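Colleague: According to Swiss-Prot, the protein has these features:
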- 53, 54, 55, 56, 116, 121, 122, 123, 127: substrate binding site (BINDING)
- 54: active site, nucleophile (ACT_SITE)
- 106: site 'Important for activity' (SITE)
- 196, 197, 198, 199, 200, 201: NADP(+) binding site (BINDING)
């Protein structure tokens, strides 16, 4: 069985490419179906899961396709490029393709927060669990990926429970507040707009709430969900309310700070809307953070002199400031992961002989059943039971030994020597187990 992991992330690809290969939630299940069909396979259907976040898009696959690892990865790259209507040549230089133990190690590191922009962050573990849940609902997981992800989650729990990998961590939300404080002397005097109402916006809202902004507004496509977040902020003593997303173009200029993170596949805020907002504000500065992938705010907005626009990649330098303090924890985590990778590979190696063992049992059962029926016929016609048992045992012995003796008689050269060394050990093992 081949394990494959293929993807791009913030280490290998710019935001402009990552947003092209992001998967909206509603596309994941159909995409899993076409991916599994595209992967090479023989007897069993390929298994697959897709992890898509603001910092990475990764395909986790298991296939029994008897192809070289490079060929299997080429199939996956072509599928990813075709699915998103981009040229495979544009994508390939930024893709990492990992097989077997490397794929396992990568999954363990990602879930443990070792591969994140925010070292040790916990959000990625929840995102990976969501990806597995979606793949399960789509019927895309089987024995191998199920086992991989169950062990992945166990390793992540062990790493976080026995090391300080999450200590001194600066989240993306906290980094957004720090950047805003560089622009405005006091956030308490500013009006803040949050676009979206998902987990990332909730985290950002919580961090900004600690600064007690003058006014907080939540704009969301679904007003009810925006009102729920606004109510939670009001309960923290803030002046908070919700508006519909459609109201943004006319009201954007009211806000000093804008934080956006939606699942939209197209920009929500265009250059023209921001230009009008700046004129309305009489060129007072506007701080904007776009945490969405694909982006919610057109990148051309960054060229406006009165706008300070930051993306997830721009926040990277700030969130990495505490990384040096966690290097000892990283070393501990890597040691744990390496041990668990070896454990998983032992399990995988053991699984590789399961089909052979199953076939051996099926063959032996067929021989046993055939001779048993023959013996029952002999007894039915009145043959001596002792002679029937003798005939049964002799027939079973001959048939069980036919395959090994035939192979030994017809083997030549090195193959014959290997059989001579192997067969006695197999039969000794069998006799030991009988005792």
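Every residue number used here counts from 1 along the chain in the order it is shown.
Glycine too: its Cβ is placed from the backbone N, Cα and C atoms.
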Colleague: Other residues with Cβ within 8 Å of the Cβ centroid of 196, 197, 198, 199, 200, 201 at the NADP(+) site?
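Modeller: After dropping the recorded site residues, what remains is 194, 202, 203, 204, 261, 262.
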Colleague: Would you measure the largest Cα separation among 53, 54, 55, 56, 116, 121, 122, 123, 127 for the substrate site and round it to whole Å?
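Modeller: Site span for substrate, by Cα atoms: 15 Å.
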Colleague: For each of the binding-site residues (53, 122), count the other CB atoms lying within 10 A of its CB, then report the residue with the highest count.
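Modeller: Highest number of other Cβ atoms within 10 Å: 53.
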Colleague: Just to verify a number: CA distance, residue 106 (site 'Important for activity') to residue 127 (substrate binding site), in angstrom, no decimals.
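Modeller: Residue 106 (site 'Important for activity') to residue 127 (substrate binding site), Cα-Cα distance: 15 Å.
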Colleague: Using DSSP and collapsing to three states, where does residue 55 (substrate binding site) fall: helix, strand or coil?
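Modeller: Going by the DSSP assignment, residue 55 (substrate binding site) belongs to neither helix nor strand, so it counts as coil.
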Colleague: Between C-alpha atoms, which of these binding-site residues comes nearest to residue 198 (NADP(+) binding site): 53, 55, 116?
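Modeller: For residue 198 (NADP(+) binding site), the spatially nearest of the binding-site residues is 53.
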Colleague: Using a 10 angstroms cut-off on Cβ to Cβ distances, just flag whichever of 196, 198 is the loneliest among these binding-site residues.
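Modeller: 198, out of the binding-site residues 196, 198, has the fewest neighbouring Cβ atoms within 10 Å.
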Colleague: C-alpha of residue 199 (NADP(+) binding site) to C-alpha of residue 127 (substrate binding site): distance in Å?
Modeller: 11
Colleague: Name, in the order they occur in the sequence, the residues of the same chain whose CB lies under 8 A from the CB of residue 201 (NADP(+) binding site) and which sit 6 or more residues away.
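Modeller: The list for residue 201 (NADP(+) binding site) reads 194, 195, 218, 229, 259, 261, given in order along the sequence.
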Colleague: What Cα-Cα separation, expressed in whole Å, is found between residue 53 (substrate binding site) and residue 200 (NADP(+) binding site)?
Modeller: 11
Colleague: Could you tell me which of these binding-site residues, 55, 116, 127, has the fewest other Cβ atoms within 10 Å of its Cβ?
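Modeller: 127, out of the binding-site residues 55, 116, 127, has the fewest neighbouring Cβ atoms within 10 Å.
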Colleague: Using DSSP and three states only, what is residue 106 (site 'Important for activity')?
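Modeller: Assignment for residue 106 (site 'Important for activity') reads helix.
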Colleague: Which one is it: of the binding-site residues 122, 127, 197, whose Cα lies the shortest distance from the Cα of the residue listed as 'active site, nucleophile'?
Modeller: 127
Colleague: Please identify, among the binding-site residues 196, 197, 200, the one with the smallest Cα-Cα distance to residue 127 (substrate binding site).
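Modeller: Its closest listed neighbour, by Cα, is 200.
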Colleague: In which DSSP state, out of helix, strand and coil, do we find residue 199 (NADP(+) binding site)?
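Modeller: In the DSSP reduction, residue 199 (NADP(+) binding site) maps to helix.
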